[in-house]
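See below for the structure under consideration.
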Amino acid sequence: MQDRTYLDAVEMRRIKHIHFVGIGGAGMCGIAEVLHNQGYAISGSDLVTSGVTERLKKIGVDVSIGHSAKNVSGADVVVVSTAIDPYNVEVAAALKQRTPVIPRAEMLGELMRYRYGIAVAGTHGKTTATSLIVSIFSQGGLDPTFIIGGLLNSAESNAQLGASRYLVAEADESDSSFLYLQPMVVILTNIDRDHLNNYEGSFEKLKLAFLAFIHNLPFYGFLVACIDDPGVRSILPDIKRPVLTYGFDKDADVRAYDYVQYTNMATFSVSSKDREKALKIELAMPGRHNALNALASIAIAIDENVTDRDIVDGLASFQGVERRFEMHGTFSIGNGTFLLVDDYGHHPREVRETVKAVRAGWPENRLVMVYQPHRYTRTFELFDQFINVLSDVDYLILVDVYAAGEQFIDGAASKDLYDNLKVHSQVDHVAEMKDVPRHLGHILQAGDLLLTQGAGETAQLASDLTMSWEDRRVIA
């Protein structure tokens, strides 16, 4: 039975029909789904059909492909993602008819307003950490509402309306829109140099935005922070809210140790200053960075009095998130096999952690990576870091930058990366993603681990390769 206390509290007076412009986006579809399940009439539009738009249609959301002024007819409020042009025809029509137009984060803030909001923030790891919290809370019977930036495999969705007071969601720092949120708990995974074009090129201004977000917490709220991260540590002295720390660091309140990885599995122990007995954790996600994401979920679970058994079982049963070190299978080639893994990471630090996880789990395998840089601004700002991490790959295929609507920046093209890397690395430049499968046919050999890495078109590449190689799949 749905707990009406929380549903009644979030009824928005006079609002019955909510329209989403860009409803297929990762941050939009989850909010739309939760509101639909709360009983609102939801419509939305997107430029292309996708798995997300088809799934929304199946649950009863009115989705239009293409933007048109008629799509907003009858809407009481229009929600837009940051990717939507302010001169979009639907936005213009809504403003003309005096319909409120609000950013995605403001609507998420309304959902969170009357719930016990747990907002997961940080440059990296938000989706995985949020998903792990959901897994533990669900195992513990807490039945949270959740909105995640990726598809949670166990739920086959990135959002769900729960019956309890808890709402677990990602907080997006990319354009400071997380300042709309007023959670009870903030999880802070890390702070790194990204999206600086939205912060006047200043890392300090980005950190100040995180501080402002943390201070949206009520005085009785608290922060769960990764003490291992230099960016997080640098702002801890300025935080005026209770803090619970986690990490491998000996001073962490919730601490991991004895970490061991074998292929895509990891085991480690966790001690907490609040509990006498250490937890023995098994996690089907490789890499110490994912152990840190698990620690974040353990820390909040301990605070919410989830039992040790439910914490351990919730992590052991975790089925992963789409495109977060997603294993697509083992395929035959020649006299042997190769493995295909797909990962969303597109920042140098994310790529490095994924490469480290591959080296730790498959030390004898040759690493072949297909990488498509995402955004010219990111490539330009972090050029040297990209060179450094991509140099560690055994064989690299570079695809042209996925612009994501940005204008070309001189010196930030994939060809520029290629020209720097080719001196010391085995690297090919393949301009278009459609030509990559044929190119791979000349490169792959038995014993390889093929890693499709990045945002943009890379996700479709992994799916297309998996389908085309289905007759070569090795059944374990």
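The backbone N, Cα and C atoms fix where each Cβ goes, and this holds for glycine too.
Here TrEMBL flags 17-116 as domain 'Mur ligase N-terminal catalytic'. Taken from TrEMBL, the feature domain 'Mur ligase central' applies to 120-301. Per TrEMBL, the feature ATP binding site maps to G122, T123, H124, G125, K126, T127, T128. The feature domain 'Mur ligase C-terminal' is assigned by TrEMBL to 323-456.
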Which residue, of the binding-site residues H124, K126, has its CB surrounded by the fewest other CB atoms within 10 A?
H124
Neighbourhood of T123 (ATP binding site), C-beta criterion under 8 angstroms, separation at least six:
E173, T189, N190, I191, D192, R193, D194, G231, H347, R349
Could you tally the C-beta atoms, other than its own, that fall within 10 angstroms of the C-beta of G122 (ATP binding site)?
25
Which one of these binding-site residues has the most other Cβ atoms within 10 Å of its own Cβ: T127, T128?
T128
Restricting to the chain of G125 (ATP binding site) and a gap of 6 or more, list residues whose Cβ falls under 8 Å of its Cβ, or answer none.
T189, N190, H289, L292, N293, A296
Within the predicted model, mean pLDDT of the domain 'Mur ligase central' (120-301):
95
Centre the Cβ atoms of G122, T123, H124, G125, K126, T127, T128, go out 8 Å, and tell me which other residues of that chain have a Cβ in range of the ATP site.
V120, A129, T189, N190, N293
Secondary structure at K126 (ATP binding site), reduced by DSSP to three states:
helix
